[in-house]
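Novice: One structure, as structure tokens, below. Some questions next.
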Amino acid sequence: MGAVEPSAWMSAAARRWLENAGATAEDAPGRGFNALPLSGMRVSLAERGRALCSLRVPPHLTDVEGNWHAGAIVAAADDVCAAAIMSVEGIIKVSIHYDISYFTTAKLHDEVEMDGRVVEQKVRMTAVAVEIRKKESGELVAIGRQWMMASRPKLFRPETVSTKTRLLSLELLQGLLKGVSNVFIKKFHFIDSVKAYLSYALLRASVSSSPVVFQYACGMFSVLLLRFGESLKGEIGVFFPLIVLRSLDSSDSPLSQKESIICAFCKFAKRRGNDGIPYQQLEMGGQAPNSSGLDNTATTTDDWEDNWDDDLDDEAAANGLPLRSQTNSKDGWNVDWDD
């Protein structure tokens with residue numbers, strides 16, 4: 001009898017967690033990320049290592065072609081896998097390996113069913129798989145497989161679990177996007193391979209209450225605008241209202257979020273104005289060509305000011321005007337160039 005009771009409360013906790021994951025951000029503060037991919041979800045089963053639920057694809061989770069967004073699929077599958085583990089172990093685990101395969105697309109208003117099952121357990125690690133199918137036809141949409149590991153022996157606390165891991169993954173992803181060669185920016189295979197993981201990471205970070213995590217979201221979004229504006233137009237259209245408009249329009253958004261957005265767009269505008277300079281060169285302090293197309297030989301602010309003064313003197317001499325008296329007070333020296 002004692003062995004049955006833990007299983008019962010674990011199943012109840014898993015069902016409750018999965019149902020709360022589909023609640024709106026207003027109804028469940030701190031669960032903004034979970035509310036997006038699972039909004040409108042209905043839980044059919046959550047017990048003994050299995051979680052079964054269904055949802056109808058909403059408009060805000062579709063791309064420009066009306067397909068269920070790949071990032072939303074990954075996020076929903078991850079939540080279902082977590083609930084399946086919780087129903088048998090009573091805790092939420094951290095993903096250490098994730099793999100997903102796509103077979104067909106689900107369209108707007110299509111009803112899909114997600115079936116997650118625990119398939120293997122090894123000490124602190126648990127393997128779980130999820131199948132996503134169209135409910136009406138049974139057609140396979142995607143299969144996700146992941147290994148998850150217990151990070152703490154207690155029940156899930158959303159404000160403490162995997163924060164350092166998330167920051168590290170965001171830093172690595174942002175570095176990859178900023179440092180990748182321009183040759184890969186328009187390569188279909190590269191774009192397609194990072195799109196799902198990029199969307200998943202941005203989706204999590206954009207609704208985070210942590211200022212540091214949200215700052216990474218703004219940074220990655222500005223990199224998307226600068227380097228992937230042509231190849232990821234659909235993703236940019238999805239995340240612009242989510243990251244920018246939602247934070248700026250809401251009076252409840254923290255001031256730090258609004259500051260992060262403004263800083264990111266200031267950097268974007270500055271770099272966008274340097275036409276012809278590669279992104280990596282801008283990161284290293286490269287200079288843009290001047291409007292005349294000639295090289296700017298000034299290497300410092302002081303050199304630039306000296307060249308600017310020389311140009312004025314040349315113009316004055318050509319017009320028959322006397323040269324201006326210039327005083328240089330660097331390092332305490334006063335030099336009158338007319339002398």
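Numbers here mean position along the shown chain, with the first residue as 1.
Placement of Cβ uses the backbone N, Cα and C atoms for every residue, glycine included.
Keep in mind that TrEMBL annotations are predicted by a computer and have not been checked by a curator.
Remember, predicted model here, so these are calculated numbers, not experimental data.
Heads up, here are the entries from TrEMBL:
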type     : residues : note
DOMAIN   : 66-139   : domain 'Thioesterase'
DOMAIN   : 157-268  : domain 'Mon2/Sec7/BIG1-like HUS'
REGION   : 279-339  : region 'Disordered'
COMPBIAS : 302-316  : compositional bias 'Acidic residues'
Novice: For the domain 'Thioesterase' (66-139), how many residues does DSSP put in helix, in strand and in coil?
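Specialist: Summed by class, the stretch gives 20 helix, 34 strand, 20 coil.
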Novice: What average pLDDT is reported by the model for the domain 'Mon2/Sec7/BIG1-like HUS' (157-268)?
Specialist: 73
Novice: By DSSP, what is the split of the domain 'Mon2/Sec7/BIG1-like HUS' (157-268) into helix, strand and coil residues?
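Specialist: Tallying H, G and I as helix, E and B as strand, the rest coil: 87 helix, 0 strand, 25 coil.
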